[in-house]
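If you check TrEMBL, you get these features:
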type     : residues  : note
DOMAIN   : D:646-710 : domain 'CBS'
DOMAIN   : D:743-801 : domain 'CBS'
REGION   : D:1-21    : region 'Disordered'
REGION   : D:50-70   : region 'Disordered'
TRANSMEM : D:110-133 : transmembrane segment
TRANSMEM : D:201-225 : transmembrane segment
TRANSMEM : D:246-267 : transmembrane segment
TRANSMEM : D:303-327 : transmembrane segment
TRANSMEM : D:339-356 : transmembrane segment
TRANSMEM : D:376-396 : transmembrane segment
TRANSMEM : D:416-433 : transmembrane segment
TRANSMEM : D:485-508 : transmembrane segment
TRANSMEM : D:515-534 : transmembrane segment
TRANSMEM : D:579-604 : transmembrane segment
Amino acid sequence: KAQFEDCRCKCVCPGDPHSKHKVNVTVVSVPALECTCQHVTGRSELECLRCECKFEVRSTTIIKIVVIFVLVLIGVLLAYLIALLIMDPGMLKRSETDRRRQPQEVLYQDAAEVAPGSSYFGRRLGRVGSAQKRWQHKVKQQRQDVFQDHTLLS
Amino acid sequence: KAQFEDCRCKCVCPGDPHSKHKVNVTVVSVPALECTCQHVTGRSELECLRCECKFEVRSTTIIKIVVIFVLVLIGVLLAYLIALLIMDPGMLKRSETDRRRQPQEVLYQDAAEVAPGSSYFGRRLGRVGSAQKRWQHKVKQQRQDVFQDHTLLS
Amino acid sequence: MEREKLISGNGNPSYGEGATSFADDDDLLDISTDTDGSVSFLGGLSTRRRRSVNGTENGSDSYEGGTAPDQYEDFHTIDWARDMQRYRKEHKAVSRRSSRSIWGRLKGSFYAVSAWVVVLLVGIFAGAFAGIIDIGATWLSDIKLGVCKDAFWLNWEQCCWVQNNTQFGNEDDIQCLTWFQWYELFGLQDPQDWRAYLVSYLMFVGAALLMSALAVLLVLAFAPYACGSGIPEIKTILSGFIMRGFFGKWTLLIKSITMILVVGAGLSLGKEGPLVHVACCCGNLFAHLIPKYGKNEAKKREMLSAASAAGVSVAFGAPIGGVLFSLEEISYYFPLKTLWRSFFCAMIAAFVLQAINPFGNDHAVKFYVEYNTPWYFFEIVPFILLGIFGGLYGVVFNRLNLKWCQLRITSKLGKYPITEVLLVALATALLSYPNPYSRLNTSQLIAALFRECGPQDAIGFCDYNRTYTRTDQHWYPSAEAQPGLIAAMWQLPLAMILQGILTVFTFGLKVPAGLFIPTMAVGAIGGRLMGIAMEQLAIEHPDLLIFTGCFDSGKCITPGLYAMVGAAATLGGVTRMTISLVVIMFELTGGLTYIVPLMIACMVSKWVADAFGRDGIYDGHIHLNGYPFLDGKQEFMRTTLAYDVMSPRRTDPPLLTITMDTSTVEELENLTTETRFNTYPVIVSKDSQRLVGVVYRKELIHALKQARKNQTGIVSQSKVYFTRKVPKFQVPGIPQHLSLLSILDGSPVTITDQTPMSTVVDMFKKLGIRTCLVTHNGRLLGIISKKDVLRHIAELDHQDPGSTFFH
Amino acid sequence: MEREKLISGNGNPSYGEGATSFADDDDLLDISTDTDGSVSFLGGLSTRRRRSVNGTENGSDSYEGGTAPDQYEDFHTIDWARDMQRYRKEHKAVSRRSSRSIWGRLKGSFYAVSAWVVVLLVGIFAGAFAGIIDIGATWLSDIKLGVCKDAFWLNWEQCCWVQNNTQFGNEDDIQCLTWFQWYELFGLQDPQDWRAYLVSYLMFVGAALLMSALAVLLVLAFAPYACGSGIPEIKTILSGFIMRGFFGKWTLLIKSITMILVVGAGLSLGKEGPLVHVACCCGNLFAHLIPKYGKNEAKKREMLSAASAAGVSVAFGAPIGGVLFSLEEISYYFPLKTLWRSFFCAMIAAFVLQAINPFGNDHAVKFYVEYNTPWYFFEIVPFILLGIFGGLYGVVFNRLNLKWCQLRITSKLGKYPITEVLLVALATALLSYPNPYSRLNTSQLIAALFRECGPQDAIGFCDYNRTYTRTDQHWYPSAEAQPGLIAAMWQLPLAMILQGILTVFTFGLKVPAGLFIPTMAVGAIGGRLMGIAMEQLAIEHPDLLIFTGCFDSGKCITPGLYAMVGAAATLGGVTRMTISLVVIMFELTGGLTYIVPLMIACMVSKWVADAFGRDGIYDGHIHLNGYPFLDGKQEFMRTTLAYDVMSPRRTDPPLLTITMDTSTVEELENLTTETRFNTYPVIVSKDSQRLVGVVYRKELIHALKQARKNQTGIVSQSKVYFTRKVPKFQVPGIPQHLSLLSILDGSPVTITDQTPMSTVVDMFKKLGIRTCLVTHNGRLLGIISKKDVLRHIAELDHQDPGSTFFH
């Protein structure tokens with residue numbers, strides 16, 4: 001896997017005008033100091049005049065981490081979405097006009113109800129559940145605004 | 001006077017490292033297309049590598065006009081200043097506290113007095129004279145503000 | 001009260017911002033819902049601050065409510081003046097405390113530095129998000145074509161980045177051995193094979209469809225506010241509107257992820273607008289770390305202005321351009337302090353992005369160009385033509401796009417967002433694959449169009465018949481066209497038309513979608529075509545008078561410059577940006593040489609577009625959605641008077657007022673339950689109608705409730721006093737009185753009925769007030785709210801009053 | 001009324017801007033005095049416009065006075081709100097007329113385009129003036145040393161520009177045969193001869209003295225307003241102050257000429273501030289061509305903002321920096337339209353200057369640099385040190401300079417401006433000739449300090465022991481110091497100290513004097529020294545940990561970059577500019593690479609300077625002179641109330657008011673002759689104190705005079721009515737009444753006495769009002785004028801109230 005180095009020296013020279021090939025590209029991975037046309041292409045100083053040598057650095061590690069992170073994130077979100085859809089199949093379709101924008105107190109009461117009669121873990125879970133409910137409620141409102149009422153972001 | 005050309009080609013090459021001289025400067029006035037190191041310095045392509053050739057353009061005519069214009073302007077102003085000083089020697093020194101900021105009408109009346117009883121040229125002259133008086137009055141005010149009262153620009 | 005009525009409630013005299021809706025106040029602290037509000041590491045400050053919240057009395061700490069009266073409700077307008085006043089009180093309290101003890105001084109200095117810390121964090125995160133999005137999007141974009149062997153996370157360019165070998169030939173002839181094309185799955189090796197083409201085509205379309213579907217599903221399920229460009233909404237929010245959740249965590253997450261997906265899917269959209277939204281989400285998130293920003297909507301907007309600068313900065317790698325974009329296009333209230341912070345934020349963001357180096361070119365932007373060939377005076381003519389082209393394109397595009405979006409609102413089309421996205425994605429993928437220029441990632445295409453053709457450029461339109469001389473390595477003289485270039489002359493226009501049409505349908509889809517990249521692509525193609533035409537003309541007829549001296553440096557026309565100018569022109573036409581656009585373009589090239597061409601194009605484009613069209617696309621969408629946006633840049637040039645605008649109108653019932661010393665608790669309670677106005681003026685007596693001050697609905701309700709609960713002797717018949725002159729002794733038989741002087745705002749903004757509306761509009765814009773009271777000879781006549789002003793402006797502009805509803 | 005009293009009139013309740021002075025109104029049109037007012041080529045517009053000047057009634061044209069009531073008096077404050085209102089009326093009139101006929105439409109379109117024409121002209125002339133000044137100053141500067149044979153108009157550089165020969169050796173060894181040194185007059189040929197040195201020295205000092213004397217005489221005799229930098233005054237004027245003649249023709253002429261003289265004399269001053277003044281003079285001149293700008297002080301200030309951008313643009317060759325400088329430092333009211341126009345103006349000016357090419361380097365600025373060596377992370381430490389140095393220098397310099405200027409005002413020193421200039425010139429010339437770096441023209445020195453040493457640089461601090469390898473032409477590796485560089489290490493600090501001390505005494509002399517160049521020189525020397533030290537450290541100890549990877553590109557430290565950073569730091573410390581400074585420096589280098597170092601230096605410098613000092617130098621001079629400048633950038637953070645500021649105070653006599661329907665003509669005439677307030681409130685009755693509106697002094701006097709003259713039956717006892725409710729029928733025996741409703745301004749800005757002062761200050765700043773009325777429960781209580789606000793702010797800042805007088 002030596003081919004995924006993190007630095008390269010790229011020399012581009014115009015090809016011989018008489019031949020068919022137009023460009024002569026040389027790419028090697030050498031340290032910065034050695035990235036000179038003469039050293040890389042083995043041409044004479046004079047022949048090197050028209051060449052462009054660039055030393056470039058990249059980080060494949062960052063790319064790897066980012067891409068895998070993004071893939072995992074998409075996967076998790078997808079799984080969560082599927083889970084939600086299984087629990088509530090009409091989620092994306094249902095018209096919420098009647099039930100939406102119910103007074104906030106109801107939701108808070110839900111949370112309050114769970115709270116007293118359970119253990120710390122239960123409370124914790126209850127709180128998470130209530131937070132999730134509140135969040136879902138918010139998302140429903142947003143969905144209503146954007147997709148049904150078209151009052152926002154249309 | 002061929003030496004004040006409006007374009008030049010200046011090639012700077014480092015001198016021979018063994019000799020005492022450090023820099024080798026070649027300046028010629030040639031057309032833009034001919035301003036290449038090889039053509040100007042007569043060196044080989046390889047030796048020219050370290051030389052910098054720049055083609056530069058200037059306009060001596062503009063410089064000439066501007067400098068002469070500035071000199072003439074200074075001369076005229078100086079002459080006018082001397083004339084004013086001869087007419088009114090205490091001009092720059094006199095404290096104007098009592099006479100200054102006299103009602104504007106007085107000055108306008110001066111102008112009006114000249115106007116009716118004279119020819120077109122006289123009126124014209126009178127108007128110029130009155131404009132000049134007004135201007136001098138203004139300058140006096142400014143001088144007062146800046147140099148005596150120090151209310152401005154101190 | 002139903003929301004629908006609210007929205008279309010055009011007829012009712014909605015002074016004081018109409019009615020309320022039941023949004024939870026807690027959502028203001030979008031991040032603190034998880035952590036029970038303990039996020040703010042200046043917690044002590046935050047609780048103490050509340051003591052001096054009330055803005056009515058000089059340093060009075062008398063009103064200590066349970067709920068902070070500074071919370072606004074969702075879809076309401078904020079009162080800048082009151083918020084700034086609160087900030088000043090808080091600031092004074094901090095500096096008073098900081099002079100007392102060392103601890104206080106430490107806290108005080110932290111208070112002063114905190115804004116910079118937030119800005120730093122915002123910059124870092126905006127840069128990081130931009131880097132992630134860039135890397136992810138380029139990878140997903142290439143995954144439609146194939147995958148990198150042994151290291152699937154690399155895109156095509158990175159996969160073929162290092163090849164320890166020397167090869168001759170055109171660069172696209174050079175086989176990249178580590179890259180695995182999808183047709184190789186089926187054992188096909190020859191890319192010229194029709195079966196290989198078909199497989200590639202199908203994979204391309206399928207992958208694009210899959211990604212778009214995923215994106216729209218995620219948006220729909222988790223964060224509907226993540227769709228669109230977001231810039232119209234950001235403008236509205238920064239002008240002082242509350243839209244809870246628009247800058248939330250979920251919006252941030254989903255917008256970033258789906259942006260990767262849609263850019264990867266190859267839809268005709270860019271990531272610039274959404275990046276601004278993402279940066280603003282970061283700004284909102286970190287602003288909540290510090291109570292002085294998190295709790296103060298006006299101050300928070302300063303932070304958001306800085307964040308939006310960072311967004312543009314990372315989108316284009318142009319920090320100064322980003323600041324100017326924020327100043328010119330997005331921000332509403334932009335004090336100098338914010339300018340400096342925005343600059344810092346934009347710098348940091350660009351720096352972080354550059355450190356991540358997503359494009360492997362050491363620049364924060366994909367289309368960084370660096371050439372220094374001069375331009376000639378005669379080229380101004382084609383630049384002006386490009387400006388006209390850009391302006392006309394802008395007008396046509398804006399009109400079509402707005403029409404289509406209106407259709408989406410009014411017709412059944414809007415009911416099927418998923419289907420719509422899939423259809424557009426299908427059309428895009430199907431139509432763009434055959435054309436090699438359309439098939440390219442749009443930003444890659446723009447980068448290629450901007451660049452001058454060098455020896456290593458193997459793209460079609462760089463196919464010149466060069467004869468190289470050996471003297472100078474930057475000497476690539478103008479040359480005649482070869483087959484590749486000739487083919488490009490019909491492929492490029494097709495790509496341009498396709499891009500233009502697709503963008504009309506794409507911008508407004510329910511996925512994150514920016515406008516800059518596709519618009520730039522259209523302009524860049526147009527410009528490049530004109531540049532190539534000019535170049536070939538110069539080569540064919542070098543003896544024409546205009547080309548005198550042009551070939552002195554070997555190269556007569558720089559088609560890449562034309563592409564840049566064209567891109568600037570179309571962008572200018574669509575968005576009506578001016579100076580920020582020039583500066584962004586100038587930062588892309590990094591040379592002052594081309595600032596004149598760019599300026600000419602932008603100016604001509606703006607003039608042409610303004611002559612034929614009304615607004616920029618963002619303002620158009622703001623109008624379309626009916627956001628309550630009072631444009632600070634447009635001068636109000638009418639000569640109407642406040643009397644013509646104020647409510648109540650002649651035919652309306654008189655203004656609801658509270659008298660200073662005759663109301664009872666019951667009357668007030670009835671008032672608050674029966675009406676939903678935000679502001680109630682308090683007058684001396686019904687007789688004199690002299691104004692004493694105003695009382696805010698929320699505070700009144702709260703104060704009455706508290707009084708009923710805590711103060712004994714307060715009954716329905718208790719008199720309520722809004723004055724210092726309270727009867728000193730309790731008269732038996734009369735219920736105890738209640739003094740609510742503490743909630744009276746004694747400094748409402750008042751104007752006379754003869755005040756010209758231009759002054760009133762100025763006051764609303766510059767002072768950031770929500771309502772102002774109208775008096776005549778000292779008597780209270782009426783009230784003007786921000787919505788009244790907006791409605792008035794809309795009426796004067798002869799807009800269909802039915803179509804412009806303001807939330 | 002004596003002016004002296006006016007100025008020190010701190011005690012009297014000067015509501016409505018105090019008293020008047022007898023300035024001629026004609027001077028407003030500074031250019032029209034010569035041509036009898038016929039200059040305005042839109043004359044028709046101008047006269048018609050006057051018909052709709054009065055801003056009280058909706059479109060009422062009833063008041064047609066003889067003198068326009070819009071003229072302000074000298075040293076008065078303008079009322080932005082009223083001026084903008086007038087502009088809107090005029091605009092409406094034009095657009096109404098333009099819809100009627102083709103001729104009207106043509107005029108209308110000219111009306112719309114005219115601003116751009118003016119801006120174009122301003123740009124062209126600002127560029128031309130800058131070019132003339134540059135050429136003249138460099139020539140005069142060299143004339144102190146010698147003259148060009150055969151072509152006396154060429155300076156040294158231009159004289160030796162073309163020599164058709166090839167020579168070896170250091171560049172200063174190369175004799176320039178066409179240049180005639182003064183000592184050659186005496187037949188001396190060897191420059192090393194002590195007699196030659198003496199002759200040169202004497203000629204140098206003599207020429208410098210002569211030029212300075214000429215400059216100060218011209219200023220004294222023709223345009224005293226031409227002295228100083230002008231930026232404090234420009235800031236004050238742009239904030240809405242009238243200072244007749246400050247932007248006059250004579251000021252323009254004399255300032256340009258004397259700037260050439262003083263720069264030529266080698267005084268320690270620059271031309272940046274004065275160039276802004278010159279550009280503003282051009283702006284004022286051309287604004288008068290178009291009535292909508294010339295006659296409207298508020299609109300004229302928009303033009304002046306654009307012009308000041310052009311000034312900075314030509315001073316530094318940095319158009320974007322110029323716009324930002326205008327935005328950040330100079331301008332007060334900066335709408336977006338102005339931003340765009342400023343940009344255009346700055347561009348044109350830079351373009352014209354570049355076309356004139358005064359420096360023969362194809363750039364508009366002498367110290368244009370172009371290098372691209374990277375900087376390393378550890379270099380942030382020296383950059384921070386430079387920032388601290390710059391901040392401290394700024395504090396010390398500002399304090400010393402302000403002290404010295406105060407001494408000039410209070411002591412006898414101010415009585416002898418000519419002597420002072422001569423003494424400073426003598427000291428400057430005597431002290432700077434011996435030091436080769438001081439002897440150089442300051443901008444030449446800065447240019448040399450900024451540049452990296454190349455093969456052709458023969459200046460002392462470029463004396464390195466280079467070993468050239470032949471591979472790369474841009475490869476000038478770091479090298480050890482040679483004698484020239486070592487000598488520079490004591491010569492440069494001496495030059496720096498001399499420059500710093502001389503500038504303290506020079507800035508404030510009665511000649512045109514800018515601050516930028518000497519400040520930059522100090523910082524650039526400091527920075528270069530630090531850069532050289534770092535470079536030598538790196539060469540001596542290349543194995544230190546911090547230098548890892550530093551020598552990869554052959555060159556480890558770029559001393560020129562340090563010089564730039566140092567210059568930015570001192571400039572930041574002295575002027576407290578931020579973003580505009582960074583952008584100006586960025587435009588000088590033209591690369592985004594160095595924006596982070598520059599920003600670090602600017603920020604550190606500003607923070608340090610703000611910690612130890614109060615204001616920037618310009619604000620310091622504004623305070624020193626007591627200009628009525630309400631800084632729009634400083635937030636008012638106190639919590640005082642309007643009640644604490646308004647006049648009359650508790651102990652004062654009550655407010656002078658006019659009742660709506662009981663005053664007589666005689667009473668009003670007495671009122672206007674006995675008091676000198678600008679504004680008289682009109683109330684319903686003494687009893688109710690309810691406010692009806694305000695009447696302006698000038699209009700009242702004029703209206704009364706007109707009525708006496710034209711209307712029969714108006715006698716002293718005639719009642720004056722400011723209301724519609726006028727008795728319909730003439731009662732015999734009672735003199736005819738007079739209705740002055742037309743001059744009543746029915747829309748004064750009113751606030752309640754409980755309004756926090758921060759809001760009031762905001763209203764003054766943002767709405768640009770002159771006075772506002774204070775009411776309580778609808779009753780008129782008092783009045784707050786802009787000067788009251790300024791005085792209040794000054795008191796809160798614990799300034800000595802005696803020292804701050806406002807005109």
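The chain as shown is numbered from 1 upward.
Heads up, the Cβ atoms here are built off N, Cα and C, so glycines get one too.
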Give me the stretch from D:303-327, D:376-396, D:416-433, D:579-604 with the greatest number of Cβ pairs under 8 Å to the transmembrane segment (D:515-534). D:376-396
Positions on the same chain near the transmembrane segment (D:246-267), where near means CB under 8 A and six or more residues out: 30-31, 129, 132-133, 136-137, 139-141, 143-144, 207-209, 211-212, 214-216, 218-219, 222-223, 225-226, 230, 233, 237, 274-275, 277-278, 280-285, 304, 424-425, 428-429, 432, 441, 502, 506, 509, 511-513
Please determine whether the transmembrane segment (D:303-327) and the transmembrane segment (D:579-604) are in contact (criterion: at least three Cβ-Cβ distances under 8 Å, sequence separation 6 or more). yes
Residues of the same chain, at least six outside the transmembrane segment (D:339-356), with any C-beta under 8 angstroms of its C-beta? 115-116, 119-120, 122-124, 126-128, 130-131, 134-135, 279, 302, 305-307, 309-314, 317-320, 322-323, 326-327, 362-364
Residue list, the transmembrane segment (D:376-396) vs rest of chain: Cβ under 8 Å, 6 or more residues beyond ends. 500, 522-523, 526-527, 530-531, 534, 546-547, 549-550, 557, 562, 565-566, 568-576, 597, 600-609, 611-613, 617
State the residues, same chain only, that lie 6 or more residues beyond the ends of the transmembrane segment (D:201-225) and have a CB under 8 A from a CB inside it; answer 'none' if no residue qualifies. 140, 143-145, 182-183, 233, 243, 245-246, 248, 250-251, 253-255, 257-258, 261-262, 264-267, 417-418, 421-422, 424-426, 428-430, 433, 439, 509-512
DSSP on the domain 'CBS' (D:646-710): how many residues come out helix, how many strand, how many coil? 24 helix, 16 strand, 25 coil
In DSSP terms, the domain 'CBS' (D:743-801) comprises 23 helix, 18 strand, 18 coil
Give me the mean pLDDT over the domain 'CBS' (D:646-710), rounded to a whole number. 84
